[in-house]
Amino acid sequence: MSGTSLDGIDVALVAMPNNTISLLGALEMPFEPKLRRDILALCQTQTIALRDFGQICVRLSLAYAKAVNQLLAQHQLNGNDICAIGCHGQTVYHLPGGPYPFSMQLINASVLAAETGITTISDFRSMDLALGGQGAPLVPPFHQQLFEHLQQQYSALVLLNIGGIANVSILSGQPLVGFDTGPGNVLMDLWLQQQNPEQLFDHNGELAAKGQVCDALLADCLADPYFALTAPKSTGRELFNFDWLQQKLIHYPALSFEDVLATLSQLTATSISQSLTHLSPGLLLVCGGGAKNSHLLHNIQALLPNWQIELTTNFGVDGDFMEAMAFAWLAKRCRERQNGNDMLVTGASRNEILGQICQLKHHQWQGDLTKDQQ
Ligand SMILES: Nc1ncnc2c1ncn2[C@@H]1O[C@H](COP(=O)(O)OP(=O)(O)OP(=O)(O)O)[C@@H](O)[C@H]1O
Ligand SMILES: CC(=O)N[C@H]1[C@@H]2OC[C@@H](O2)[C@@H](O)[C@@H]1O[C@H](C)C(=O)O
């Protein structure tokens, strides 16, 4: 998995026998700076020569393969110990609306399969979009299976991922609901990196904590129509990007760097809390990089005072690898010809098998018939 923050590659080694899901090992590999710059430029300019485009897919897939092979080496495993790789790819454009909806994740699955010797499943979003869905978020059914055992204990149970974009899975009640609430870390990261390109994020929200929230700027940001949309909905850097931020800041030239950061942190907290106000308070389980931003979590708690806010890591699932695990689960669903999407979450016309399988002749998973469910 590599997500919208473009901080690097997360690899999860997952076993899933008999409907259980466990993380056996994991690895984070930062992007090599040139590759990160090139992908970021592509996201920002939305323009690239075809030759560069083809090459960037190969470079990225070689980086994915390096990360996978490193994790396997750490665990003294080889390709035949692994059933399949589920690889999300790198989102560079997400356009669920308009006459020709699509979501583009960069990957060259053949390169990843050839370099690892492992059958590789990718392109998980296209089928949902082809069926009229948003193509995102895809993790809610995975969250549901993972935390089913907690459902009876809380009046409301919500999973919150704070990545570049933030998304929630509302697990209590029927039907399952999940959507992107809006920016997670992306605007804060962009603002910080524009000031200091060497610093990728505001460690624990320390700089934001030094600023004052500008209520007028916050209100202007929250006036974006995305926040008022009802689910199904999903978003990305196509909307919440540096241009968007500059448009808002134009009216506030005197604000300090820290005040802007504090306001962007409050924007993330407010948009998340507003997505949950219709629920009676319960348990909010947080994952993704933003779960490490204590200032942000403090602000969310202040806006949702009666909720119990906890890290998924304290409930047995490492919040840094939740999304990577989800794509292992989606790969398993694909391999077993089970639907990956939940039409009520994404708005697709039906549930379907998601993903394209890139199979290798020489890949022989060692699992015997009993292990075949893993
Ligand atoms: N210690 C920390 N303090 C503050 N923020 C942090 C910390 N660690 C990570 N982050 C934030 O989390 C981000 C990375 O989060 P994550 O890896 O979950 O995003 P992603 O998976 O790329 O995004 P998405 O879920 O939208 O695809 C970083 O860019 C940074 O903003
Ligand atoms: C298009 C795309 O890559 N969307 C991501 C992004 O990152 C968080 C949020 O926006 C979520 O909707 C989605 O990822 C997760 C893994 C999902 O599909 O559930």
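Just so you know, glycine gets a Cβ as well, placed from its N, Cα and C.
Keep in mind that TrEMBL annotations are predicted by a computer and have not been checked by a curator.
Counting every protein chain shown, the Cβ of Ile9 (ATP binding site) has 21 other Cβ atoms within 10 Å. Look at TrEMBL and you will find Gly3, Thr4, Ser5, Leu6, Asp7, Gly8, Ile9, Asp10 tagged as ATP binding site.
Contact annotation for binding-site residues (Thr4, Leu6, Asp7, Ile9) versus ligand 2: Thr4, each with CB under 6 Å from a ligand atom.
Comparing the binding-site residues Thr4, Ser5 on other C-beta atoms within 10 angstroms of each C-beta gives the minimum for Ser5. Its Cβ placed at the centre, Gly8 (ATP binding site) has 18 other Cβ atoms within 10 Å. Under 8 Å, Cβ to Cβ, and six or more positions away along its own chain, Leu6 (ATP binding site) finds Phe31, Arg36, Ile39, Leu40, Cys43, Gln90, Gly164.
In three-state terms derived from DSSP, Ile9 (ATP binding site) belongs to an extended strand segment. Counting other Cβ atoms within 10 Å of each Cβ, the lowest count among the binding-site residues Asp7, Asp10 belongs to Asp7.
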